[in-house]
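Participant: Sharing a structure, written as C-alpha cells. Questions coming.
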Ligand code: ADP
C-alpha cells in the first residue's frame, strides 16, 4: 500500500491542534495550532516544510472557523487530496470504548452522553468532529479515546472506596487518561530493551502540562494515577493532583468557596503555579530556582518530583515484575533536573542515575539514563498524534 496520510485533530475548549501524519514513517508532514478561540485574539499558526504561516482568525473566531481556515490552507498547499482520514483525539470514552471507533451517529451520541464525565473536554472534542465533518465530510472520521488503553485495569485498581451503587448507577470509577501516550512509549521501551512487549513491565511517567503515571504489564495498563477526571494523581502545571477531600469541605464550609471557585482552585490555580506563585511552566521555574535563587520555585519543583516518585513506588504494587521506568512528555523528555530528582528518590527500587547520560539526553531522542547496575530508566519521546493516525488507519482497514 502507498503512503497513508491522516489529519489528526485535537480540539480543546479554546484551541484546535492539528497535524498531518504519514502513517508509514510516523512523521508529521504538517503541524499547527489555532488558539485563543472564542476571543477576538484568535490566531492560526501552521508549520510546513520549514515554513511557518501565522495570522489572526476572522470572526466568528470559533472551532468551525479554525477548521475552515485549516481546510483553506491545506487546499492552497495541495494537501487535501493526500488525506485518507481524519483522526480525532477524544478524551473520555467511558466503559463503552476500549478501542478507537469509526465515527457514526451513534458514536457521536455516545461521546455527547459521556460529556457528563468530562464536561470540559468531550463537548470540545465533539465540536471538532462536527467542524471536520462539515469541512471534510468526504473523509472517514475516527475517534481515538484517551481512556481506552486503561480499560484493561482490574476492578481492584479502578474502584474507589465509595458505595458500590455510585459505580453501578453513575459510572463513578477511575478511568485513567493519556492512554495513547502511555501505550506508545511502553511499546517503544520494549523495542529499546529488546524484549517482546508481552514480556515487559514498565512504569511510565507522562509529564507535560498534565501529568500521569501508569503501571503497564505485558503491554496493558493495570493501574494509573489519573482517576475519574484528569485531576487525580500527581501535582501538575496548574492542577493540584491528590488532596485530602476534607480540604474541599473546609474551603466550602469555613472559607466560603463556591463549587465553581473550588473547581478553579484545584484545576487552574494549584500545582506548580499555585505552589510557586510564579508559573505553571517547568522550564521557567527551573530558571527562577537555579538562576535567580527563587526558593518557592525550587520548593514547587521539589514537591512535584517527590509526589511523582511516591506514585511510581505505589504503582509498583500493581506489577509482578518491573523492567524499568519511562519518562515522556515535555518535562519527562527535556528536564534532566526533574528526572534526576525522581530517580534519586527511588534508589530503594534499584534505580540509579548516570548523571552524564541524563544531562546529554536531548529532546526527540530515546535513551537509557541509568547506570549498568540499575533497572532501566528510559527517556522515550511520545507521539500521541502518530498513535491517533495509525489507530485511525487500523480502524479503517478493519472496517473494509
Ligand atoms: P502538553 O501537556 O500541553 O502537551 P508538553 O508535553 O508540551 O505539554 O509539556 C509542557 C511542559 O514541558 C512545560 O512545563 C514546559 O516548561 C516543559 N518543558 C519543555 N521543555 C523543557 C525543558 N527544556 N526543560 C524543562 N521543562 C521543559
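Any Cβ shown, glycine's included, is placed from N, Cα and C.
Unlike curated entries, TrEMBL annotations are predicted automatically.
In case it helps, TrEMBL gives these features for our protein:
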ACT_SITE  146  active site, proton donor/acceptor
BINDING   10, 384  Mg(2+) binding site
BINDING   17, 206, 207, 208, 209, 210, 281, 282, 283, 330, 331, 332, 333, 334  ATP binding site
BINDING   89  substrate binding site
SITE      178  site 'Transition state stabilizer'
SITE      239  site 'Transition state stabilizer'
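Please go over these features one by one and say how buried each is and what sits next to it.
Facilitator: The C-beta environment of residue 146 (active site, proton donor/acceptor), restricted to residues of the same chain at least 6 apart in sequence and closer than 8 Å, consists of 89, 90, 91, 92, 93, 177, 178, 179, 180.
Taking a C-beta cut-off of under 8 Å and a sequence gap of six or more, residue 384 (Mg(2+) binding site) has these contacts in its own chain: 10, 89, 180, 181, 184.
Residue 209 (ATP binding site) falls outside any helix or strand according to DSSP and counts as coil.
Classification of residue 89 (substrate binding site) by DSSP places it within a strand. Of all the Cβ atoms in the protein chains shown, 22 others lie within 10 Å of the Cβ of residue 89 (substrate binding site).
Counting every protein chain shown, the number of other Cβ atoms lying within 10 Å of the Cβ of residue 178 (site 'Transition state stabilizer') is 29.
In the three-state DSSP reading, residue 239 (site 'Transition state stabilizer') counts as coil.
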Participant: About how far apart, in whole Å, are the alpha carbons (Cα) of residue 239 (site 'Transition state stabilizer') and residue 207 (ATP binding site)?
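Facilitator: For residue 239 (site 'Transition state stabilizer') versus residue 207 (ATP binding site), the Cα atoms are 13 Å apart.
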Participant: Of 89, 178, 207, listed as recorded positions, which ones have a Cβ less than 6 Å away from ligand 1?
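Facilitator: The ones that qualify number zero, so the answer is none.
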Participant: Please work out which residue of 17, 239, 283 has the most C-beta neighbours within 10 angstroms of its C-beta, and give that one of the recorded positions.
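Facilitator: It comes out as 239.
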